[in-house]
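Structure first, then comments.
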Amino acid sequence: MEFKLGLIGYPVQHSLSPFIHQKFMENTSIQGSYQLFETEPHQLEKRLEELKRADISGFNVTVPHKQAIMSYLDEVDSDAYRIGAVNTVVNDKGRLKGYNTDGIGYVRSLAEAYPNVFQQEKKALILGAGGAARGIYRALVKQGIQGISIANRTKSKAEGLLDLQDLHTETEILSFSEAEAALDNFDLIVQTTSVGMSPNHDEQVISLNKVKPHTVVSDIVYKPLNTKLLREAANLGAKTHHGHTMLLYQAQYAFEIWTGAHPQMESLVEQLEQRLRGNGYVNR
Ligand code: ATR
């Protein structure tokens, strides 16, 4: 079987997904293609009809369609429904089902680098409360992390994450300055806002002054590869976890949903790093 895969979003021309999925196909000996479908908001419905007619096997969804697409799908997986965003769609003979692979991708990438970080007594701080934070919060709760704090510029938006837990997890909502003051309490700090993303690479959402050396500081921004926050974390002797690994593992989970095959990741993290370096996305 030949898999027809792709990405809808606007803009999409700089996406790394074709590179990643091409590698997955080589790695699993699966035949197929991964195409970019640049789609402005007013073109969404027409694009979905086109993709169904073209017998697409599945596709990823990115900005600005992750929420809007939900009303056009025949079914939405329960996690994606609770998170309120879809980034992966399967086409089953014209029936479209949506999933969200961000949270699980994040957890997989973190577990690969730091397997002990999910022990129950650990405390996590999430910075930000957007779509990515919702997926990651839900995945961390499911991992059994008992204490999670969420800090966001708009506090009310952080409160909106509380309805995402099925299992009980102690969750507190903080301001950024409260989070900075309590930083030495956390074993894991996850930065999910767009602060620090190229071209605003000189920005940092909070100061890490009080971070402890055993703490893992994780930034889901991958352009640049080493954000200002991660550079400060490394300078202070803390552990770091980079955003491009989440990008890879959320793609791995999407590929599994579409094809049933499990790509090996060994050299891919380095290959993606090289590609990001080639684009000049290292320290700027
Ligand atoms: P995503 O899907 O990538 O999570 P999003 O849903 O638009 O994107 O969420 C963006 C997140 O980045 C939010 O937490 C947002 O904070 P607000 O809820 O207060 O808007 C945060 N964010 C974006 N720009 C920011 C800035 N300059 N300072 C602080 N937080 C910022």
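Backbone N, Cα and C atoms are what each Cβ position is placed from, and that goes for glycine too.
What TrEMBL records for the NADP(+) site is Gly128, Ala129, Gly130, Gly131, Ala132, Asn152, Arg153, Thr154, Lys155, Ser156, Lys157, Ile220, and among Gly144, Gly237, Gly243 the residue it adds there is Gly243. Residues Ser15, Leu16, Ser17, Thr62, Asn87, Asp102, Tyr222 are given by TrEMBL as shikimate binders; from Gln191, Gln250, Gln252, that same site also lists Gln250. Mean pLDDT for the domain 'SDH C-terminal' (243-263) in this predicted model: 98. Counting other Cβ atoms within 10 Å of each Cβ, the lowest count among the binding-site residues Leu16, Ala132 belongs to Leu16.
Note: the CA-CA distance between Gln250 (shikimate binding site) and Gly243 (NADP(+) binding site) rounds to 11 Å. Checked against ligand 1, the recorded positions Ser15, Lys66, Gly130, Ala132 give Gly130, Ala132 in sequence order as having a Cβ less than 6 Å away from one of its atoms.
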